[in-house]
Amino acid sequence: MDSLKMDTRTSNDQMPYKEEKMSKGLKRSLLVLNCALLALGNVGGPLIMRLYFLKGGKGVWTSSCLETAGWPFMVMPLTFSYLYRRRKEGPATELFFIKPPLFLVSAVVGLLTGVDDFLYAYGVARLPVSTSALIISTQLAFTAAFAFLLVKQKFTSFTINSVFLLTVGAVVLALHTSSDRPANESNRQYYLGFFMTLAASMLYGFVLPAIELTYKKAKQTITYSLVMEMQMVMSFSATVFCTIGMLFHKEFEAIPREASKFELGQSTYYLVILLSAILWQFFFMGAVGVIFSGSSLLSGIIIAALLPVTESLAVLFFHEKFQVEKAISVVLSLWGSLSYFYGELQKNKKNQASERAMA
């Protein structure tokens, strides 16, 4: 893949940068793969994290650490990529693409991700999944705003309509959040969880366009292998930040005690931890992969569009309430998603017509 020719890409007619040149079919396949990873992580991650807290887990720093602790899984695809390039290019093949400036930027973005992980884990510990999911869906509005400011994202009428509908869907759900307060939880804890989750939504709404800006400002060719290397550095940096939090709060010592008292059994406890690390790594790899194959705004759209799925599974598995407001939000989310993808379809048809006219 990385031995293919490179070209200069201009995203949104701004800030040209070098990107790996590949066929439309290959790029579409990468986009589909990363959308699938993002979908699995975005739906499964919150559910498995909430299961941890509902069945006896109490480590907020532990949960936040698990969101990026799956970074070693990135070694496998990176190894395959290196072996493929080595077979094509010979013994002189570089082991890593990432250069020191890009490594440093990735580490800083990783620290921001670590902060976001803690804010989000704190919210999930205090709120039902359906409530935390609706708050996180506001991330789309923050992503759109920061994408406009940082990467000069252009908006079509379909994009604006999609952002509006998905944001309204979240607001409709927010009208009924007070009835979702778990038993034996104070108003202070509930609202603190609410605002911590909102802060996580805002911060990650900044991180997605920041990653896209990093691609544009990088003084080296952006390949998919480089994207994976950057994600591994970001995840490692975030994990170090959260591990320090675990050490400071002595949560490593609490893991054996939690496992022995976990309602679903000790072996299930460790399985939940493993699945959490894997699913969240799917989420983060899918998110940066969608940015590489599409845009940060598309990544935000997908995250928001999956809200109805997360809502439905939370109701099914955790028996959370499904009020009329949630049903309205599902309809608005689906409408907003269809609006975005219909707009992209129309734009692609227009671009193809222009290419044929110029040929």
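Just so you know, the numbers here start at 1 and follow the chain as drawn.
Cβ atoms are placed via backbone N, Cα and C, with glycine included.
Keep in mind that TrEMBL annotations are predicted by a computer and have not been checked by a curator.
The region 'Disordered' feature in TrEMBL is assigned to 1-20. Here TrEMBL flags 30-53, 59-84, 96-115, 127-151, 158-178, 190-211, 232-249, 269-292, 297-318, 324-342 as transmembrane segment.
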Original post:
Any chance the transmembrane segment (297-318) and the transmembrane segment (232-249) have 3 or more Cβ pairs under 8 A, given the pairs are 6 or more apart in sequence?
Top reply: no
Original post:
Under a Cβ pair cut-off of under 8 Å, which of the recorded stretches 127-151, 190-211, 232-249, 269-292, 324-342 contacts the transmembrane segment (30-53) most often?
Top reply: 269-292
Original post:
For the transmembrane segment (96-115), which stretch among 127-151, 232-249, 269-292, 324-342 has the most Cβ pairs under 8 A?
Top reply: 232-249
